[in-house]
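First comes the structure, then the notes that go with it.
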Amino acid sequence: MNFLNQQEQIQNGQITKTELITLLQASGSLQQQLFRQAREIRQRYHGDQVVVRGVIEISNYCQKNCNYCAMRATNQKLERYRLGVEQIFAIGTHIKEANIPIIFLQGGQDPHCDPILEEVIPRLKKELNLSVLLCLGEKPREAYQKFAELGADSYILKFETSSPSLYKNIAHTPLLRRLQCIRTLQESGFKVGTGNIVGLPNQTIDSLAEDILLALEIQPDFVSSSPFIPNQDTPLENLPYGDINLTLNTMALYRILLPSCLIPTVSALEKIQKGGQLMGLNAGANVLTINFTPAQCRDKYAIYSKQRFVVSLEHAQQTIKQAGLSSNSFKSPVLMSGGTP
Ligand code: SF4
C-alpha cells in the first residue's frame, strides 16, 4: 500500500473513513510500512531535527472535573500548588541556559494564573528571548488575546475526542465550547496545537478515525495523540491503559496527513512501555518535552498519573540519538553536562 498516494487522496477528499479505520488497526508489515512512510515524510518536511521544549507545570489547580485526571476540581486528596512570577522566571533562565528555545507553560484551568502570566510572559520574551508555548485550558477570548498581545507564540488545547457525547461524559462540558476556543486561539494569532486521547471508555475505532478527520478540519500547527492512562483517585482508575499501537498508528497518520505539523512523542508512551518515546519518534514524531517543574511539585502534577514518567535531559538526548535524529538544543555544553533544576 502506498501511503503517499493515500496522502494525496486524503488531501483531495478521496479517502474514506473505512480506509482510515484499516490503517489505524495496521499491524505487522503493514504497520512497519506505515511508520516508514511517516518517517520519510518527517524527513522531507523537517529533516532530522527534533524540536526540544522545556515544560514548567505552573499550577495544579483546575476548575474542571475531567474523569481521567487527578487534578480534577473535586479531588481533595491532591495537595495543590501554583508557581509565582519569580519562580517561573528563574526556571526560564535554566531553560535558556540549557539552549532550549521554547518554554512551555502548562497548568490546570486556573484563572488565578492569568495575572502571573501577564507579568511573566513579557519578561520571558524580552529578557530571555524564549518562544512561549501555553497549555492552560479554556479561557475567554479576551484572556487569549491578552496573552497573544503580550508575546505568547503558541497554545495547545487538545480536543481529546471528536465524539460530543464521549467528551461530555468525560469532561462534563460541551465539545463545541472547546472547539470554539481552538478557533478563537487561531483567530488570536497563536500557532495552535490539538490532538486526541486513545483508549477512553466506550471510544470506538470509528470515533478514532473521526478524531483524525477533525484534526484535518482544524489544520493545527502541532498535533498529538496520547494513550489513556488510568489515574489514581479518579473515576477511571480501574480501566486498562490505552493501546500503544493504536496511539502510534494515529501519530503516523497525523504525520502523513498533516506533514508540516510538529508532533510530540509524549511521556505517557514511556509510562506504558520502556522505549515508548523512541517508538513515537519511529512513528514520525519530531518533538520531545523536557520537564523543568521543581522536583517538589512534580508528583502533585497528576495530569495522567502521580507515577508518571518525567522526561529528563539525559533521557531526551538518548532517545533522540537512538532514533538516529539530532537536535540543535543539544549543542550547548551546559546541556551536555546539566540536569533539570
Ligand atoms: S485534564 Fe486538564 S482540564 Fe481536565 S481536570 Fe485535568 S487539568 Fe483540569
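The backbone N, Cα and C atoms fix where each Cβ goes, glycine too.
Taken verbatim from TrEMBL:
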type    : residues            : note
DOMAIN  : 48-282              : domain 'Radical SAM core'
BINDING : Cys62, Cys66, Cys69 : [4Fe-4S] cluster binding site
BINDING : Glu160, Arg178      : S-adenosyl-L-methionine binding site
BINDING : Thr289              : (3R)-3-methyl-D-ornithine binding site
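Distribution of TrEMBL features across the structure.
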{"residue": "Cys62", "record": "[4Fe-4S] cluster binding site", "contacts (Cβ under 8 Å, 6+ apart)": "Cys69, Met71, Arg72, Ala73, Gly108, Gln109, Asp110, Gly137"}
{"residue": "Cys66", "record": "[4Fe-4S] cluster binding site", "contacts (Cβ under 8 Å, 6+ apart)": "Arg72, Ile170, Ala171, His172"}
{"residue": "Glu160", "record": "S-adenosyl-L-methionine binding site", "contacts (Cβ under 8 Å, 6+ apart)": "Tyr167, Ile170, Ala171, Arg178, Asn196, Ile197, Leu200"}
{"residue": "Thr289", "record": "(3R)-3-methyl-D-ornithine binding site", "contacts (Cβ under 8 Å, 6+ apart)": "Val52, Arg53, Gly54, Val55, Phe104, Pro264, Val266, Ser267, Val311"}
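For ligand 1, there are no nearby binding-site residues; that is, of Glu160, Arg178, Thr289, none has a C-beta under 6 Å from one of its atoms. Between the binding-site residues Cys69, Arg178, Cys69 has the most other Cβ atoms inside 10 Å of its own Cβ, all protein chains included. Across the residues of the domain 'Radical SAM core' (48-282), the predicted structure has a mean pLDDT of 97. Reduced to three states, the DSSP call for Arg178 (S-adenosyl-L-methionine binding site) is helix. Glu160 (S-adenosyl-L-methionine binding site) carries a strand DSSP state (E or B). Note: the [4Fe-4S] cluster site is recorded as Cys62, Cys66, Cys69; in the same chain, Lys64, Asn65, Tyr68, Ala70, Met71, Arg72, Ala73, Gly108, Gln109, Ala171, Ile303 also have Cβ atoms within 8 Å of that site's Cβ centroid.
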